[in-house]
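Enquirer: Marked as [4Fe-4S] cluster binding site by Swiss-Prot on the basis of sequence analysis: C44, C45, C110, C139.
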Amino acid sequence: MSDIKIEEKPDGLEGPGFFATSLDSVIGLARKNSLWPLPFATSCCGIEFMATMASTYDIARFGAERPSFSPRQADVLLVMGTIAKKMGPVLRHVYEQMAEPKWVVAVGACASSGGIFDTYSVLQGIDRIIPVDVYVPGCPPRPEQIIQGLMRVQDLASTESLRRRESPEYKALLAKYEIEE
């Protein structure tokens, strides 16, 4: 048949009011429902983000009730709009100030690929200077799309191992962007 072995639950952790789980699962659940976004908005997508934060869409339902305007307190960097090459070092500095774990969302066509601005002065995607976890398409994306992007970050936050940030793969990713810990 199959040589797959199903892990048995540990003894002594059953009964009313008890459950058996891993520390990764508990911390993932807490991270998933307590994301603090840092908006880095420069263009039209920033307007759509303001609509997303309004009462019509109620982003608080998704655990992102409190936007942070300090990188040291933020979990999710939402980059929205056109990023000029002169702004690149500022964006990277903001990213480096964020504490681990951190996630980056490129909201809209301009942040993802430069959008319609294919010029020498516009960064053709923020993934050239910082690692991006989620891309939200659109010009500008609708609030529903931004919420869907945040829900994707929630999925990443809930399933990410506590040890992933210490893995050789993650360190290689940071080295690719020349980011020191």
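Heads up, the Cβ atoms here are built off N, Cα and C, so glycines get one too.
Thinking about packing and proximity, how do these listed features fit into the structure?
Expert: For C44 ([4Fe-4S] cluster binding site), the same-chain residues 6+ apart in sequence whose C-beta sits under 8 angstroms from its C-beta are G81, G108, C139, P140.
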Enquirer: Please give me the CB contact count at 10 A for C110 ([4Fe-4S] cluster binding site), counting all chains in the structure.
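Expert: Cβ-Cβ neighbours of C110 ([4Fe-4S] cluster binding site) within 10 Å number 27.
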Enquirer: Pick the one among the binding-site residues C45, C139 whose Cβ has the fewest other Cβ atoms within 10 Å in this structure.
Expert: C139
Enquirer: With DSSP assignments reduced to helix, strand and coil, which class does C139 ([4Fe-4S] cluster binding site) get?
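Expert: SS state of C139 ([4Fe-4S] cluster binding site) = coil.
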